[in-house]
Amino acid sequence: MGCTLSAEERAALERSKAIEKNLKEDGISAAKDVKLLLLGAGESGKSTIVKQMKIIHEDGFSGEDVKQYKPVVYSNTIQSLAAIVRAMDTLGIEYGDKERKADAKMVCDVVSRMEDTEPFSPELLSAMMRLWGDSGIQECFNRSREYQLNDSAKYYLDSLDRIGAADYQPTEQDILRTRVKTTGIVETHFTFKNLHFRLFDVGGQRSERKKWIHCFEDVTAIIFCVALSGYDQVLHEDETTNRMHESLMLFDSICNNKFFIDTSIILFLNKKDLFGEKIKKSPLTICFPEYTGSNTYEDAAAYIQAQFESKNRSPNKEIYCHMTCATDTNNIQVVFDAVTDIIIANNLRGCGLY
C-alpha cells in the first residue's frame, strides 16, 4: 500500500503553518520540554517509531549503529526461517521436496548452537535459499497466524542473496525492520519545532508493563501503538489471548487511568501495510465475531478505530487517531508533524492563547 499524502495529512500541514505563524506572532519562543510516552502491547511497532525519530530528527544511523545491527539482521533472518521449519512439524505440512529436510536440520543446528548472529556460510546460505523456495515452506509461511513469526520474515528471506553477500551492510530499511524485544525503558531526546522532546519507549510484553509506572508523572502526551495486523494473532506470552483484544484492554486501562486525566492520547493504528494485505485473506470476524461490514481495508480499519475510541469514558478527552506504517519514514514524518501540532495547540490552550 502506498503511503501518499491524504487530505487529512495535507490539512495537517496547513494547520502546522498556521500554528507556527501564531507562535511567532505571540513571541512564544522559549523552548518547552515535552514528555512523550510510547505505550502499546508487544510488537506493536513502538521501537520502530523510536528508530524513525533517530532518522528524522537526529542524524540517522552511524557506522557504529550499522555494525551493531548487522548480527541482529542475521539472527532475525535465520530465526524466522527456523520458526517456519518448526511449524512445518506442528502443522503437519510436508516439504515440496523431501531433500529439504537436510537443509532444515542445518538451519536448526545453527540456531541451537547459538550461531544465529554470525554471517551465513555459503553452504548455509544455499540451504536457506532452497528452503525459502520450497512449496511446503511457502504454504507454512502463509499460515503464520497459527504460530509466532516475526513480521519482517518475508522482507528478510526475500533478500537472502543480498543479506548473505560477503560485503553485506544493513540498509536503513533493514535496520528499521529489525526486531529486538524491548526490556525496561529506552529514552530518546530530540528537538523539533522549538520543543525539547523526551520520548520514552516502554517494553510492551506483560512482564515489562510494571516498569511503566515510573514514567507517569507530568507526561505531555501518550502515543499508543496498536498493530492493526494483530487481529488474527495471539500473544507471544499467552497463546490464548488475541493480540487485538489485549491491545483494547490495555488501551482502556491507559485511556481511563486517573494519572492521565489531562494527558493527550494519540492512537497510532500501525502496520497498515500488513493489515491491507491480510484483510484480503483473513476476515475481521476472527477477532470481532459481531462485525458485519466488508473485509476491505477502509471498512475494517474504521471498525477497529471505532472499537478503540469507544473505550474512552471521558466526555472531554479527545483521542487523536492516525493510521501508520512505522517502517515508512515519509508517513511517520507527516504523522509526527501533525502530532507535534496537537501538542503545541494543547499547550497554547493551556495558557489561554489558542
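Quick reminder: no glycine exception, Cβ is built from N, Cα and C everywhere.
Straight from Swiss-Prot, the features:
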type: LIPID; residues: Cys3; note: S-palmitoyl cysteine
type: REGION; residues: 35-48; note: region 'G1 motif'
type: BINDING; residues: Glu43, Lys46, Ser47, Thr48, Ser152, Leu176, Arg177, Thr178, Arg179, Asn270, Asp273, Cys325; note: GTP binding site
type: BINDING; residues: Ser47, Thr182; note: Mg(2+) binding site
type: REGION; residues: 174-182; note: region 'G2 motif'
type: MOD_RES; residues: Gln205; note: 5-glutamyl histamine
type: REGION; residues: 324-329; note: region 'G5 motif'
type: LIPID; residues: Cys351; note: S-palmitoyl cysteine
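A map of Swiss-Prot features onto the structure.
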residue: Glu43; record: GTP binding site; DSSP class: coil
residue: Ser152; record: GTP binding site; DSSP class: coil
residue: Arg177; record: GTP binding site; DSSP class: coil
residue: Thr182; record: Mg(2+) binding site; DSSP class: coil
residue: Asp273; record: GTP binding site; DSSP class: helix
Those binding-site residues of Glu43, Ser47, Ser152, Asp273 having Cα within 10 angstroms of Thr182 (Mg(2+) binding site): Glu43, Ser47
Counts by DSSP class (helix H/G/I, strand E/B, coil) across the region 'G5 motif' (324-329): 1 helix, 0 strand, 5 coil
Confidence summary for the region 'G1 motif' (35-48), mean pLDDT rounded: 92
